[in-house]
Amino acid sequence: MLIVVPDLLDAAGVAHIRALIDAAQWVDGNVTSGHQSALAKRNLQLPETAPEARQAGQMILDALGRSPLFIAAALPLKIFPPLFNSYAGGQAFGTHVDNAVRIQAGTGFRVRSDLSITVFLEEPESYEGGELTIETHFGVQQVKLPAGQAVLYPSSSLHRVEPVTQGRRVASFFWMQSMIRDDAARQMLFDLDSSIQQLALDRGHDDAQVIRLTGVYHNLLRRWADA
Ligand SMILES: O=C(O)CCC(=O)C(=O)O
Ligand SMILES: [Fe+2]
């Protein structure tokens with residue numbers, strides 16, 4: 001599944017996060033890479049332990065927690081603390097798959113990466129290139145979203161960041177473990193949930209069919225979920 005969360009952060013939220021991270025000390029992005037991706041990666045990142053990254057990351061986690069679309073699509077169990085990257089002057093990240101397991105420096109907090117997310121923090125008109133290119137079962141998708149919007153995609157998919165040839169691309173990127181490990185199962189639950197929400201609007205929340213389908217949704221979740 002590839003899902004866009006269009007209204008994750010408002011303009012004030014983006015500005016606040018940018019003020020925090022723009023003032024911080026950026027380092028070579030290879031600090032978070034596995035061996036294969038280190039070869040392909042040229043960018044800057046904020047260190048995981050930077051206080052600015054922690055604070056801006058918490059703002060992003062709070063925004064995710066307030067997004068019904070994100071919750072329904074991701075069914076998150078554990079979320080890795082958000083990281084921040086910056087690409088300029090031809091920097092890029094070649095085709096790769098994200099590491100399967102992420103371990104947080106210092107705490108040892110472990111997350112299996114089922115879903116990856118990019119939160120765009122720069123307006124697309126202000127830089128050239130920098131598309132997040134994702135190879136899906138239905139072909140190649142290129143994603144370049146307005147600041148404050150996010151895209152969610154399976155961590156198992158091959159993806160890359162195209163070279164940024166003008167301006168600067170700033171984003172937050174991180175991984176999460178879903179209660180539903182299997183992408184197809186998670187997609188079915190999301191489709192079912194979306195249809196139930198629409199039916200409830202059309203027929204009322206106390207409609208007998210809506211109540212029964214809501215039961216089916218929760219009973220499937222009970223069967224399949226890690227919690
Ligand atoms: O910045 C992005 O959109 C994604 C970065 C990425 O793929 C990674 O750091 O693994
Ligand atoms: Fe990646």
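Backbone N, Cα and C atoms are what each Cβ position is placed from, and that goes for glycine too.
A TrEMBL annotation is a machine prediction, not a hand-curated record.
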Given TrEMBL lists HIS96, ASP98 for Fe cation, the same-site residue among HIS137, HIS159
HIS159
By a simple count, how many Cβ atoms lie within 10 Å of the Cβ of HIS96 (Fe cation binding site), its own Cβ left out?
18
HIS159 (Fe cation binding site): secondary structure state under DSSP, collapsed to three categories
strand
Here's one to test understanding: among the binding-site residues HIS96, ASP98, HIS159, whose C-alpha is closest in space to the C-alpha of ARG169 (2-oxoglutarate binding site)?
HIS159
